[in-house]
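If you check TrEMBL, you get these features:
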- 17-409: domain 'Major facilitator superfamily (MFS) profile' (DOMAIN)
- 53-75: transmembrane segment (TRANSMEM)
- 82-100: transmembrane segment (TRANSMEM)
- 112-133: transmembrane segment (TRANSMEM)
- 145-168: transmembrane segment (TRANSMEM)
- 174-194: transmembrane segment (TRANSMEM)
- 228-249: transmembrane segment (TRANSMEM)
- 269-289: transmembrane segment (TRANSMEM)
- 301-320: transmembrane segment (TRANSMEM)
- 351-374: transmembrane segment (TRANSMEM)
- 386-405: transmembrane segment (TRANSMEM)
Amino acid sequence: MALSMSKSGFSKYRWGILILLILLQLASTFNWLGPSPLLTTIKTELTIDYSSAGSLMSIISLMLAFFMFAGSFIIDRFGATKAMILSAVLAGLGGVGGLFVRDYLFLMITRIAIGAGLGIGTPAASVLIYQWFPPKEHQFVNSLYTAMGYLSMAIAFMITIPLFVFFGSWRVVLSFYGACALVLAVVWMVLLHCKSELSVIRKQTKVKKQSSVNKQMGLSLALKKKEVWLLFAAHCGAVWTFQGFMTFLPSFFQQVKGLDIATASSITGFMPLIGAFGSIACGIVSSAIGLRKPFTWPMHLLMVLGGIGCIVLPFGPLLYLSVGVFGFGMASWFSVMITIPMELEGATAEFVGGAMAVIIGISNLVVFAFPVAYSAIPASLGECTSMLIFTFIPLLSALGALFLPETGWRKLDQKQGQ
């Protein structure tokens with residue numbers, strides 16, 4: 001594939017690569033969240049309890065955590081494009097496997113495959129963005145990519161129930177999502193044929209040499225970086241609460257607020273929908289002012305504020321507003337979080353992949369414990385109190401974010417001017 005280069009030394013086809021990444025992200029998210037609006041139906045049909053149904057979602061976090069480290073290894077050895085193709089194949093096979101589910105164990109196996117695909121694909125996407133786009137575009141591109149990710153969450157919640165009504169089977173819905181991922185895996189193979197790493201030409205010769213020297217050291221470099229662990233601390237609590245809300249809010253709205261399944265799913269889908277707009281707004285403003293920290297710990301505080309409203313407010317406009325505020329905070333934080341490693345001193349493509357594995361991977365290991373921690377809260381406290389307890393966890397993330405350095409271009413310009 002012959003690539004035309006822009007004045008910046010980066011391929012003019014990079015926006016096509018972003019579109020492919022976004023489409024694959026859409027399909028992967030559908031496979032991840034597909035069962036969430038259907039948990040009540042799945043629970044009844046497979047005769048499983050509430051905790052087991054929740055584990056169908058949390059197993060994704062566990063597999064994502066483990067396979068992000070595998071993804072970092074695959075990126076170091078074979079390149080980010082091959083890792084992305086493998087991600088799509090695994091997610092697709094897991095989704096298609098839903099058509100053949102007859103018991104809880106087999107359904108769990110399909111979820112493990114989907115989680116493995118997401119785990120491998122997450123660091124690969126960050127590396128591809130780092131490789132294909134110039135530094136000054138990183139924040140905006142990451143914000144756009146994050147926005148599309150959150151928009152795909154909203155779409156998943158909005159279309160899953162209508163698809164369930166149309167197909168008449170939750171198994172067919174899950175397999176449909178899997179087929180979409182497999183189609184995109186074929187598109188990646190045909191259009192890219194694993195050439196992206198060979199095609200990217202960067203002006204920064206120093207960066208290229210450094211990347212070659214450290215090619216197999218991405219994870220090792222990330223583990224030694226203090227800022228990576230600060231990002232982990234700042235991300236862990238936020239993603240814990242977010243994943244918990246995305247998993248349990250539909251059922252919570254049905255059982256506690258008395259909403260029907262379609263309304264509960266629609267309200268939950270409003271969270272990532274507003275998050276998508278928040279991510280784009282954050283990207284535009286953060287790129288323009290050249291600062292990252294204003295979009296770190298303040299976003300965690302927004303999550304707490306919105307989360308409280310989600311639990312205590314009755315059905316109405318204020319409930320929608322609270323759900324939106326929560327989603328805005330999480331999405332805005334996430335788009336900045338995945339940009340900061342790219343801007344740290346000495347960053348390479350391998351380091352970015354390793355950093356994503358550490359930050360998101362270990363965070364998702366912690367998230368896997370959410371159903372266990374949730375069920376451990378005494379039933380006498382009630383579901384409202386139980387959910388409210390977890391709403392305040394992002395305060396710990398805000399504390400970690402306070403110690404993060406400023407990495408935006410304005411700070412860099414100030415250093416160079418001194």
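Every residue, even glycine, has its Cβ placed from backbone N, Cα and C.
Note: TrEMBL annotation is automatic and uncurated.
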Self-check item: Chain residues in Cβ proximity to the transmembrane segment (82-100) (below 8 Å; excluding those fewer than six residues from its ends, i.e. six or more beyond)
Solution: 21, 24, 27-28, 30-31, 34, 71, 74-75, 106-107, 109-121, 123-125, 128, 170-185, 188-189, 194
Quiz prompt | Recorded stretch that, among 53-75, 112-133, 145-168, 228-249, 301-320, has the most CB pairs under 8 Å to the transmembrane segment (386-405) | solution = 228-249
Quiz prompt | Among the ranges 112-133, 145-168, 174-194, 228-249, 301-320, the one whose Cβ pairs under 8 Å to the transmembrane segment (269-289) are most numerous | solution = 145-168
Quiz item: Across the domain 'Major facilitator superfamily (MFS) profile' (17-409), what is the average pLDDT of the model, as a whole number?
Solution: 85
